[in-house]
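Per TrEMBL, transmembrane segment is recorded for 12-29, 49-69, 81-97, 109-126, 132-150, 162-183, 198-221, 295-314, 320-341.
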Amino acid sequence: MQYLQEIFNNREIAIGFWIIVLFVFLLLLKVGRSSLKNVLFCMLRKNIIIAFVIFIIYYCGAIYILYRVGFWDLNLLKDTIFWFFFAEIPLLFQALEKGKDKYFFIRTIKNNLALIVILEFLLNIWTFSLGIELVIVPVFVVVGIIYALADRSKEYKSLKKACDIINYVFGLIVLGTFIGHVFNDSSELFNLQTLQGFLFPILILFLNLPLIYGFSLYNLYEQIFVRVKNNKFKNKINIIKFARFSLPKVHAVRTDPDVIMKIIKQEDTDLKEDLERIKKRLDFKIGDHYMKRSNFYITSGIVLAGCFISGINFFNDQFIIHMCAFGLILSIFFLVYSIGLRMRKNEELNMVKKYALINFLYLIKKQYKNLEEFPPIDNPDKLFLYYLETVYDLKEEYDKNVMLLENLLTSFEWGVASNLNNSLYPCIAEIGIAEKDFRDYSVAEFSEYYQNKRSESQQTDDWNLFEMNMKKYIEKYSENIENCYLEFKRYID
């Protein structure tokens, strides 16, 4: 045990212990053995094995690079194994599922550099005694499960609040323990080994991004090529020549119905015409291309500065060192200018978007403020005032204005706005009131209409089909409103 505690902290030992207990418990149950067998069968599929082998080789290569530059040593072995299983592999599957464009990778970097990640790292430096940790771990797993279940229903709102209180109290205890240790023994926090442990996940993330990007790209290509009948090589070559290594282009091909139909029908000439049409459409997207030149300048400045710094370190000739030093100064000035240029261009574009989308942004902000934790499906008055009026207003605004501004928005902004629009249709269709007629309804008239609609729907003692559908559609709409608000927040505020 002493040897284990030299390698792992008490919390990690407790987590490992309970994982082993859970695994043994599942082996003792017939249902558990069946589930583990299915998981093992999925893991042994040819494509999964190949992906894991490639990922392991690349991960080991990234570790070797860190070792060669003097950063990695055996003290980081535990962190290396931990991050591989609990961070890098989940990131790989996220990339296969969600990595449809470059914004996935920007969000991944932001999430991994977020303040909460830093706090989590700091608060896990010191832990409680092993006995306390063995009790805490299962308790908070159970609390987490209860919280997730309580979050789904309005009836369990008080239970959710109780879980929140438990989490807050525990957070304060851990924070107090951390502050106490900092004052009593700050040397354990401020040392080289702690700094290595903090920087390791950040460095390994950046080193693995090219592979994650490659897997995401391969996944999108595979979704397209699976539709190519008789493994027609010419169609595949045409698509690869068009999209190459661009995720937005591959995603545009995958989501274009005309291209998909041409692939299925194996019409080579028409396929080339559709690919050319997509190229022209993407080239006209101001939102994606307006910042390209300034981004190129910034990248060039960073590369030049890196080259000149390398020249200063690797060459002994005084003339070359002086030239590199002069070049470094120029590249720093160029980098500062490029960053300023990007900020100015970004402000100009944001101002244009803000005025072009002013009504749409107002409706998003209004609806976001009116969102409730649980949609008032059983209260037609609140549903009308807080949700449906804005639903119909957003549909009208999208059709009249936002749809015409596709080229002004970035691909991700357009995708978020389109998802919101797609969530408006089911809400309006389920209500059953035409857009032109909705304005004629007062709150009282809508409430009467809603009650009649509910009473006429299929129902039992436990559920009502109309209410169930409305709940599902309003929740999806609310989720898209939150996504829109977060994406367009810089224009709203």
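A Cβ is built for glycine as well, from the same backbone N, Cα and C atoms used for every other residue.
Note on the transmembrane segment (295-314): residues 320-321, 323-325, 327-328, 331-332, 334-335, 337-339, 341-342 of its chain, located 6 or more positions outside it, place their CB under 8 angstroms from a CB of the stretch. Between the transmembrane segment (81-97) and the listed ranges 49-69, 162-183, 198-221, 320-341, the one holding the most Cβ pairs under 8 Å is 198-221. Non-local neighbours of the transmembrane segment (12-29) in the same chain are 4-5, 35-36, 78, 82, 130, 133-134, 136-138, 141; each lies 6+ residues outside the stretch with a CB under 8 Å from one of its CB atoms. Same-chain residues lying 6 or more positions outside the transmembrane segment (320-341) and placing a CB less than 8 Å from one of its CB atoms are 294, 297-298, 300-302, 304-305, 307-309, 311-312.
Remote same-chain partners of the transmembrane segment (132-150), defined as residues 6 or more beyond its termini with a Cβ less than 8 Å from a stretch Cβ, comprise 10-11, 13-15, 17-18, 156-157, 159-160, 163-164, 166-167, 170. Sequence-remote contacts of a segment are chain residues at least 6 beyond its ends whose Cβ falls under 8 Å from one of its Cβ atoms, and for the transmembrane segment (49-69) they are 43, 80, 84, 88-89, 92, 200, 203-204, 207-208, 211, 215.
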